[in-house]
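Here the structure is laid out as structure tokens; the discussion comes afterwards.
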Amino acid sequence: MDDHKPIETPDGPAVDTPGIGARRYETPPTELPITEAEAARAAGLAHNEHLKIASGYLRGGLADGLLKHATGAISEDDGQLVKFHGMYMQDDRDIRAERTKKKLEKAYSFMIRLRIAGGVVTPKQWLILDNIATTYAGSALRATTRQTFQYHGVIKSNLKRTMAAIDSALLDTIAACGDVNRNVMAATNPAQAGAHKIALQLAKDISDTLLPKTGAWREIWLDGERVVGGEDAAEVEPVYGKTYLPRKFKTVVAVPPSNEVDIFAHDLGFIAILDKKNRVTGWNVTVGGGMGMTHGESDTFPRTADVLGFVQPEDALKAAEAVMTVQRDWGNRKNRKNARLKYTIERFGLDAFRAEVEKRIGKKLGAPKPFTFDGNGDRYGWVEGEDGRHHLTLYVPSGRIKDIEGGPQFLSGLRRIAEVHEGDFRLTGNQNVIIANVPAGKRAEIDALVDEYGLTRGASALRRNSMACVALPTCGLALAESERYLPDLLSELEESLARHGLQDEPITIRSTGCPNGCARPFISEIGLVGRGPERYHLYLGAAFDGSRLSKLYREDVTASEIKGTLDPLFAAYAKDRQPGEHFGDFVIRAGFVAKTSNGPDFHERTGPLRAA
């Protein structure tokens, strides 16, 4: 990762940021008690801030809106609040024009996202989630890029039934979306059982500590006793306050040498520092990563996280709360496009941010400890852990767990496995599923079911390192296809790679339908970001381990032009690469594309530097 070292000037801290020259940071705000801070932010707030303040701790008009059976929708304002409850209101864009022509309401439905810290569920929970999918969500589950499940296509009249079923699995959807700390990811490396256990526990502890305390979720969705008038005088959010956070906040826990959680793409991260016996001795804390941006607005950009410092195990939770509450108090509540933690750090500087975090923890952070990542992909097939348990990673294209006509029967097959499995299931940040903690004596039974249902233990090197967001037809932000388009593109590129003898070369490729970056395309060696129907920006040059951003190589490339654009680069890579050199590193060294040091210079020196 590229380090940024602030320098002192007579007028205060400044940073030499590649591409934009030296600049001065803003002076951080004076810390206020949260109630005073809310009052101080009363002027000039973004609309969402007023919504949160007036919502009665996230109740709004949701309960009443569910009773309006004449429409499949809820109000626009409640559509913002319902995100905090773990769902988005969507419609089927494939039939939107047809329904408009017939003067019909849009085909509204809801995407529901679960909160599953670390992505681990039991076989019993899996079977309940499977039943929800077949009953309410079109017989499909989707493993997300952040280690949880999503249901698509749940209609309004089935929302409460779905939530009750989720609750019966001892799971929930609280804070899976919205301006809060969202689902906390954790390393899934099956070979490091001891470290994984500690990482998973930290993820769960952070999730519980930073969880909103409002009773609104249980009241609205499970018919819990409703407080008269919404909230009562005694109800508080001790960490968040009425305005919660300025924007989404994402936390991950990584265990080197694998970076499958993409730690540098998140607001807050903890990197396990291991001794020679793979025991966790503490955590490096990372801050300020994030993928989203807006096309054509150079003051928005993706950013890789900085390493803030080192904490002992007993201080990790304090550090998590301190980082989040500094963002709560310093983040931009007037412009949501610049509200993420990455912009807060760019405004005030890493040194000032670190000082405030240390103040809230009550002690200095240690110097960062050395660590090494070797990639951000999964390990497919069987892996034996330190404890003698066995783990089978299955490749699930775009995380879509459903039965495919003439192909793998993911939903049915994993249901059968859950009926006999004695361990647990783990979701990965790459949208795959691990059948975990299998006793040696059960491997043959699991293998037989995997074969019977055609489940995939792997695929080509390119497919194994690919990801796509949902995009069309359900995502309201999508500008282009992603999940439905990527398989065809991969087939084209596989042919090209094979022609150049690169069929076994791991290259990360990710696609998103818009620049919000849900599949983290800006830290993928090849990134496709939707611009319009069948048009994409093509990004190249990210690091294979996810530690360096890519650079815009070609604008508005049509779907039919992508293979032809990449083929000469593959040819050059096959001919001129150095031993062990990854594709993202090669295109920079060979002079095809400029290197991005970090977010502020992401939009500088774009385009091809020379012909391929």
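All residue numbers here begin at 1 and follow the chain in the order shown.
Positions of Cβ are set from backbone N, Cα and C atoms, glycine also.
Keep in mind it's a predicted model, so treat the numbers as computed, not measured.
Summarising the annotation, Swiss-Prot assigns [4Fe-4S] cluster binding site to CYS469, CYS475, CYS514, CYS518. Reduced to three states, the DSSP call for CYS514 ([4Fe-4S] cluster binding site) is coil. The local packing around CYS514 ([4Fe-4S] cluster binding site), expressed as other Cβ atoms within 10 Å of its Cβ over all shown chains, amounts to 22.
Long-range Cβ neighbours of CYS518 ([4Fe-4S] cluster binding site) (same chain, at least 6 residues apart, Cβ-Cβ under 8 Å): THR145, MET291, CYS469, VAL470, THR512. Residues or ranges marked as siroheme binding site by Swiss-Prot: CYS518.
What Swiss-Prot lists as region 'Disordered' is 1-26.
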### binding-site residues (CYS469, CYS475), the one with most neighbouring Cβ atoms at 10 Å
CYS469
### Message
Around the [4Fe-4S] cluster site formed by CYS469, CYS475, CYS514, CYS518, list the extra residues of the same chain whose Cβ is within 8 Å of the site's Cβ centroid.
### Response
VAL470, ALA471, LEU477, ALA478, SER482, THR512, GLY513, ASN516, GLY517, ALA519
